[in-house]
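> TrEMBL feature annotations, pasted as is:
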TRANSMEM  A:12-36  transmembrane segment
TRANSMEM  A:48-66  transmembrane segment
TRANSMEM  A:78-104  transmembrane segment
TRANSMEM  A:116-137  transmembrane segment
TRANSMEM  A:144-165  transmembrane segment
TRANSMEM  A:185-209  transmembrane segment
Amino acid sequence: MNGVAMHIANGIVNAQVSAIFAAVAAAALAICVWRGRADLDDRLAPMAGLVAAFIFAVQMLNFQVLPGVSGHLLGGTLAVVLVGPWVGALCVSTVLIIQCLLFADGGLTALGLNITNMALVGTAAGYLLVAGLLRILPKTPRGVAITAFVASVVSVVIASQMFVIEYALGGTTELNLTTIAGTMAGAHVLIGIGEGLIAAVTVATVARVRPDLVYALRRFRKTASPVPAVPAPAVGGVA
Amino acid sequence: MKKRLGWFIAGGLLVAALLAGVVSSFASSSPDGLDAAARKGCTFDADDNITGGTCMVQQEQDHQMKDSPLADYGIKGIDNEFLSTGLSGVLGVAVTFAIGGGVFWLVRRRGGSSNEHTEGATSA
């Protein structure tokens, strides 16, 4: 067995269910490329590369959450705040694919499961919370930090429960699912708090240094249309 | 209004390289939340082989890329753990930025005037 395993390994979930989620992940990533192109311009593209590289780096930093249990950032919420939901999901996927192919972390068979949990579900949950919270909280470094913290905690727990669903569908060992759900949720509340702190410090720093590079500060205007992919008309937007 | 992006990206990459190259050696080596849950219920010997019990990792199979020169966040052939982990981390940051940034650059939206894209700095 590997010394360093951070994602779902091969054989934990059976081949059929893994294949289904591989197909789901592939389809979702195609949609993300399609929708993300609307956001990806000459400035966002290098920024997205940096966000992926940064998430790769921080995922190496396992922090202790319980005796004998550690955790690391998943990064979905952080990516949403900095580069938006579609490109954000692609950033996390990039990291997971590179970790799988080069660093033997997260099984190749399980890649669809890992992408679904961390890049799709984690990012989607983070996005919904960020979009909601930024309608209430001020668009300041502090406001965006609080947003990132809360959204991270919730999104990490939801991502962890997505694994439980996958295990319920195709787990290879007969085990009590309620126990698994409880164990996963408990550990991931703590991991989410760690992730939330890292994400909050990161987005607050970027918001202070270069607010123009924070996607969440450009979008989610209080008067904007509910669909963020369509830029609101600049004229007449008086609150 | 167009501030230099290059310096910010360079600075960000430097921070990422330091985190992956230096701080990573001080990271916890305990199994993470998922791995710990997957091992719960089994007992392990010193070589990490299952000695009894029932747990998720019982049916775990080897990774297809386990012979990768960078497998398990180290560099094959470098025995010094600090160097091995750190260099693999820096390499990972570089590769992720190159591949990720490269793909994003290739699929980006071209030729759009900057007006159709509301820049936050103008109305902040």
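Positions of Cβ are set from backbone N, Cα and C atoms, glycine also.
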> Between the transmembrane segment (A:185-209) and the stretches A:12-36, A:48-66, A:78-104, A:144-165, work out which stretch tops the count of Cβ pairs under 8 Å.
A:144-165
> Go through A:12-36, A:78-104, A:144-165 and flag the stretch with the largest number of C-beta pairs under 8 Å relative to the transmembrane segment (A:48-66).
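Top-ranked stretch among A:12-36, A:78-104, A:144-165: A:78-104.
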> List, by number or range, the same-chain residues at least 6 past the transmembrane segment (A:12-36) whose CB is under 8 A from its CB atoms?
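Residues packing against the transmembrane segment (A:12-36) from afar: 84, 86-87, 89-90, 93, 107, 109-113, 115-116, 119-120, 166-167, 169-172, 229.
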